[in-house]
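A.B. asks: Encoded as structure tokens, here's the structure I'll be asking about.
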Amino acid sequence: MEPSKEGHTPYSYNVNTNPDHHGGPTAPYPLGSPTYSQSSSSSPTNGLTHEKAEVADAPVVEQMENVETPDGLHRGLKLRHMVMIAISGTIGTGLFLTSGKTIATAGPLGALLAYVVIGIWLVFVCQAIGEIATLLPLPGGFTAWGTRFFDEAFSFQLAYVYLTNWLLTVPAELSASSLVISFWLPEGSSFPLWVIPCIIIFVLVVINFLGVKMYGEAEYWFSILKVVTIIVFIITGILTDAGAVGGKTFGVDYWHIEGAPFKGGFKAFLSVLVSVGFAYGGTELSGITAAESSNPHKHVPKAVNTVLVRIAFFYILSIFFLSCIVPNNDERLMNDGGTVVNAPFTIVFLQAGMKGGADYMNAVIFTSIVSATNSDFYVATRMMLSLSKNGWAPKWLGKTNRRGVPYFAVMITTLFSCIALVMIYAGAEVVFNWLVSIIGSLIFLIWVCILFLHFRFRACWKAQGRAPSDLPYKSWGYPYGHYLAMTIAICCVVASFYLSIANKPSVSNFLEGTADPKYKKARDTWAQGLLGAWFPWFQAITLYFLYKFVRKTKIVDPRLADLDSGR
């Protein structure tokens with residue numbers, strides 16, 4: 001389908017201009033949509049009964065679960081699904097496996113501050129998502145907003161950047177599964193580790209082919225397990241830190257040893273921001289799942305408002321107790337061997353003297369990887385569907401089955417997931433570290449784009465004479481909280497650029513020159529940072545200007561921005 005060049009959605013709508021409606025033109029809902037079918041064309045606002053569709057009683061909401069959207073999706077996600085997905089749907093290797101390196105690199109206070117700073121940024125990103133996704137629960141989520149509020153080329157680049165993020169995250173998570181399983185294998189075992197990712201891939205394909213309801217149910221129960229485990233971990237951390245279990249009182253003694261509380265200074269603090277971004281990645285998922293929620297008007301605000309709880313409770317408290325119980329100079333934190341026995345959460349259970357604690361934590365980490373990869377699969381397929389419907393990818397990619405599953409997109413995501421099998425042979429931990437660097441920077445870019453589009457949305461809303469009180473959900477903290485978030489964003493991006501250049505190792509500093517193992521490690525770390533810092537922005541800028549040059553797109557006039565179709 002030929003994309004629009006006027007800043008509106010690429011779908012075909014009969015646009016009616018109504019000067020009495022907030023001072024700007026509006027577009028009716030697509031024919032056949034649930035809201036359109038209840039409307040009356042004689043209404044002064046094109047007959048839209050958004051309130052009747054959203055503020056519905058239980059029977060209507062149940063009917064909405066079986067309604068197919070114009071894109072072939074089903075609104076099968078309930079409130080409990082949305083909330084649990086927002087709370088812990090994508091918690092996986094980022095928190096359970098990489099948090100130890102953050103403490104070992106930046107020290108206890110440096111790591112805690114990194115999680116707090118990125119957490120503040122993320123809170124306002126999710127508030128921005130909540131405000132717009134509640135009003136416009138569009139397929140493709142925030143990647144579709146650029147076409148409405150700014151420039152179609154912006155949506156094009158953001159959609160492909162976000163798809164790249166998830167297509168890389170799938171093999172990254174799967175490769176970590178082989179590291180997890182190796183914990184239970186005897187030293188020198190000949191067990192083929194590639195079997196584990198194959199089994200996970202098969203299970204995820206089955207779940208995704210069964211439809212969005214099955215995805216929601218799987219994530220609901222996976223998330224409950226993760227939530228319970230983190231609660232148990234925090235309770236264990238409190239008891240262990242106080243000396244009630246384990247036979248030793250830790251307090252904050254490890255905050256006063258060599259290297260603490262800030263280890264490596266300000267530069268080390270800046271270096272861990274990208275890995276913290278990777279740990280938080282996926283929290284913005286509510287902006288994508290809104291299109292398949294049975295009641296986005298109610299579900300999206302509740303989902304995004306759980307993000308603060310997730311950040312404060314799951315991440316910050318966990319990092320605090322980790323840093324109190326495990327010293328930053330503990331070699332196990334660096335996870336250089338790539339084994340899950342070195343995962344910080346496992347170490348705490350061992351410090352508490354709990355028999356079987358390592359096995360239990362290892363099992364939870366494994367299920368968390370399956371859960372996170374399940375979410376990765378879901379988002380990747382929905383992004384391909386959105387690209388197809390917008391005419392930015394082949395039409396066959398957007399075909400859905402009777403359960404609303406874009407089956408060709410599932411197949412392509414499955415092929416990308418097989419990269420994990422190659423990674424195992426190349427060295428799972430080495431490739432995993434490269435992917436973490438790239439994915440963390442991609443997440444930063446995506447969050448910057450979301451904040452920018454929210455500012456642009458508010459400008460369009462104001463230009464059309466609409467009041468903030470007219471929004472079904474209003475982002476709290478706007479505009480000053482969002483200014484703070486954008487300031488943090490710019491500082492983080494600039495820091496990643498600076499470190500990618502400043503951290504280049506000099507051969508003269510190593511005794512054995514280029515043959516020195518320490519030099520090779522420093523060189524690889526620098527190369528990871530260089531690729532991670534610059535690749536996402538190079539991709540985004542190239543896609544934006546290439547599309548703009550080919551399609552001759554124009555910046556959307558705020559007074560003419562489409563703020564109604566798809567509500």
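Each residue, glycine too, has its Cβ placed from N, Cα and C.
Pulled from TrEMBL, these are the listed features:
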REGION    1-49  region 'Disordered'
COMPBIAS  33-45  compositional bias 'Low complexity'
DOMAIN    81-503  domain 'Amino acid permease/ SLC12A'
TRANSMEM  82-100  transmembrane segment
TRANSMEM  112-138  transmembrane segment
TRANSMEM  159-185  transmembrane segment
TRANSMEM  191-212  transmembrane segment
TRANSMEM  224-246  transmembrane segment
TRANSMEM  307-328  transmembrane segment
TRANSMEM  405-428  transmembrane segment
TRANSMEM  434-455  transmembrane segment
TRANSMEM  476-501  transmembrane segment
TRANSMEM  526-547  transmembrane segment
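How about a rundown of where these features are and what they're close to?
C.D. replies: Panel annotation: around the transmembrane segment (112-138), residues 9, 102, 106, 144-145, 148, 269, 272-273, 276-277, 279-280, 283-284, 286-287, 290-291, 293, 296-297, 300-301, 303-305, 307-308, 311-312, 315-316, 319-320, 323, 447, 450-451, 453-454, 457, 471-478, 481-482, 484-485, 488-489, 492, 563, 566-567 of the same chain, lying at least six beyond its termini, place a Cβ under 8 Å from a Cβ of the stretch.
Residues 92-93, 97, 140, 143-144, 191, 193-194, 196-197, 200-201, 281-282, 338-341, 358-359, 362, 365-366, 369-370, 372-373, 376-377, 379-380, 383-384, 386-387, 390, 392, 413, 416-420, 423-424, 428-429, 431-432, 435-436, 438-439, 442-443, 445-446, 449, 536, 539-540, 543 of the same chain, all 6+ positions outside the transmembrane segment (159-185), place their C-beta atoms under 8 angstroms from a C-beta of that stretch.
Away from its own ends, the transmembrane segment (307-328) comes close to residues 86-88, 91, 95, 99-100, 102-104, 107-109, 111-112, 115-116, 119, 122-123, 126, 227, 230, 233-234, 237-238, 240-241, 250-252, 254-255, 257, 259-260, 263, 279-280, 283, 344-345, 347-348, 351 of its chain (Cβ-Cβ under 8 Å, at least six residues beyond either end).
For the transmembrane segment (476-501), same-chain residues at least 6 beyond its ends with a Cβ under 8 Å from one of its own Cβ atoms are 117-118, 120-121, 123-125, 127-128, 131, 267, 270-271, 273-274, 277, 441, 444-445, 447-448, 451-452, 454-455, 458, 526, 529-530, 532-534.
With a threshold of 8 Å between CB atoms, the same-chain residues lying at least 6 positions outside the transmembrane segment (526-547) that come near it are 152-154, 156-158, 160-161, 164, 271, 274, 433-434, 437-438, 440-442, 444-445, 449, 496-497, 499-501, 503-505, 553.
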A.B. asks: Under 8 Å between C-beta atoms and at least six residues away from its ends: which parts of the chain pack against the transmembrane segment (405-428)?
C.D. replies: 72, 167, 170-172, 174-179, 193-194, 197-198, 201, 204-205, 208-212, 338, 373, 377, 380-382, 384-385, 388, 396-399
A.B. asks: Give residue numbers and ranges for long-range contacts of the transmembrane segment (224-246): same chain, 6 or more residues beyond its ends, CB-CB under 8 A.
C.D. replies: 84, 87-88, 91, 313-314, 317-318, 321-322, 324-325, 345, 348-349, 351-354, 361, 364, 367-368, 371
A.B. asks: Using a Cβ cut-off of under 8 Å, list the residues of the same chain at least 6 residues beyond the transmembrane segment (434-455) that approach it.
C.D. replies: 98, 121-122, 124-125, 128-129, 131-132, 142, 145-146, 149-150, 154, 158, 161-162, 164-165, 168-169, 171-172, 175, 274-278, 280-281, 284, 287, 475, 478-479, 482, 485-486, 489-490, 492-493, 496, 528-529, 531-533, 535-537, 540
